[in-house]
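Visitor: According to Swiss-Prot, the protein has these features:
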BINDING   81, 123, 124, 492  Mg(2+) binding site
BINDING   122, 195  [2Fe-2S] cluster binding site
MOD_RES   124  N6-carboxylysine
ACT_SITE  518  active site, proton acceptor
């Protein structure tokens, strides 16, 4: 029988000093011997997705104590990618994922906690905590802060749904008045919660459901709804049960690595493809799988993307639907249920809350249950329509569910948007180890696209070029040296894509980068080109005016330059010595912290995970 980890610091005469310190935190004689549950919160007043989490840790803590555990809360950092976007702050976003993973590992291992509740929400926080959970491999439950309600504004004769991307696009469009920009800005982000579309934060919180590590409804129930409180309370009760099952019942199947198997990662990727999730999820799933010791690679993602249909399109792919609409249609379980009917998921994988994913689908799929059932009540939870930063502040309900699987927010396989999914992996001589495109956000007219390369050595230079009208229809904007090493930090390219839209070029141009894109990006935006330029990737050899061919249906991207010419260019680059594979003319201050990140990170095709062998002495 495995011993409670916490006994390392709570049992025996020699631990008198440690127990004295535990007593100073409020523990009593009755608490020693109980499982010590760490609560990793991520409250901050910087981020709307986390501004309402201040009391969530203690809400979970009280429930843990009622269930027979000892709760100890700590906090991680959390960066708002939207606020950090478009300036030097974005260099810190992806590196913060590793810091979050490290901080959770440090706190849990230093204090010998027995189990973990992860209270996350936004872009790098959920992945960072997920990586930590895989490293630690102790009982864990994820519960997120929930999505923001969609913004709404009267626009002519219609009510228009909004999100932060609309604010960026309209602000860059000189044809839009200052007054209208102000209206959009004030309406785009009305409540606390993670931004309302299928952006990175919501995509990742949905994927924790598919991985089996969070409760049904976690990914889609809006942050403001009173029903979300029950998810936090259930998480508190459940984690104590899981801890006792493992340490007292020798149940290893409920550990993160017992749940998040290769089949579970395949389920998560199938969900991602079906719902047209953020391209960043590829990066984070690869990283989490690496931490879990699961052999899950770009080749698996490519295989899944070819065989799983696109069943849902949510903002930014369309403004018709946001996360609140996904919830009304049955949430993550609703999408998984349609994949299940199509025979496209592994039903037998375990979850923290049900014997198997298949059992969870049977219990929570709204299409299997009638009016008045528990699933119907859960998924009728609606937005309140009132601007607020307060969690659980409203209890509105939809009068009916969206059960239209032919033309609703979630479709069945027969009515899919496409029979191959909303994400695709492209390969070619300019991205030999692959690159990623969110096909759910690409207009059908440009699924095949050939254009002229316009080379920029930084995101800043590209933005200047776009705003100065240097880009015309038919151009392919190449932004390089923005990968994990080259940035460093692999900046998101939301501003370049938003500005292309504002210039009327959203369906007339493409963008290729070794950086990445915000979950709010749509259009022919291809990221994660691997190997990156700073690692000797061929994207660093492309020249102004080269022809680039993009063929999404055939999963191909090609720099129309002969092998001989590429070899000449590579030889010329290598001849530069220490100046090889570095951006020309770019002046960027890179702090020691970011240089340390760059020294150990890897390209996007591996999840930009840390590889310490790069700095270890041989």
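Quick reminder: no glycine exception, Cβ is built from N, Cα and C everywhere.
Since the structure is predicted, the reported quantities are computational estimates derived from the model, not experimental observations.
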Visitor: Can you grab the distance from residue 195 ([2Fe-2S] cluster binding site) over to residue 123 (Mg(2+) binding site)? Cα atoms, rounded to a whole Å.
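Guide: Counting only the Cα atoms, the answer is 10 Å.
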Visitor: Tell me, by DSSP, whether residue 492 (Mg(2+) binding site) is helix, strand or coil?
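Guide: The residue in question, residue 492 (Mg(2+) binding site), is strand (DSSP, three-state).
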Visitor: Which whole-number value in Å describes the distance between the Cα atoms of residue 124 (Mg(2+) binding site) and residue 518 (active site, proton acceptor)?
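Guide: Pair distance, Cα basis, whole Å: 12 Å.
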Visitor: Where does residue 81 (Mg(2+) binding site) sit by DSSP, helix, strand or coil?
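Guide: Once the DSSP labels are grouped into three classes, residue 81 (Mg(2+) binding site) ends up as helix.
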Visitor: Applying the rule Cβ within 8 Å of the centroid of the Cβ atoms of 81, 123, 124, 492, what extra residues of the same chain belong around the Mg(2+) site?
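Guide: Going along the sequence, the neighbours appear as 79, 84, 90, 93, 94, 122, 200, 201, 280, 518, 519.
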Visitor: Let me know the DSSP-derived helix, strand or coil state of residue 122 ([2Fe-2S] cluster binding site), please.
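Guide: DSSP call for residue 122 ([2Fe-2S] cluster binding site): coil, neither helix nor strand.
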Visitor: Rank the binding-site residues 81, 123 by how many other Cβ atoms lie within 10 Å of each Cβ and give me the one with the fewest.
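Guide: Among the binding-site residues 81, 123, the sparsest Cβ neighbourhood within 10 Å belongs to 81.
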Visitor: Would you say which of the binding-site residues 122, 195 has the most Cβ atoms within 10 Å of its own Cβ?
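Guide: Within the set of binding-site residues, the most crowded position is 195.
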Visitor: Name, in the order they occur in the sequence, the residues of the same chain whose CB lies under 8 A from the CB of residue 492 (Mg(2+) binding site) and which sit 6 or more residues away.
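Guide: Looking at Cβ-Cβ distances below 8 Å from residue 492 (Mg(2+) binding site), excluding near sequence neighbours, one finds 81, 85, 90, 93, 280, 515, 516, 517, 518, 521.
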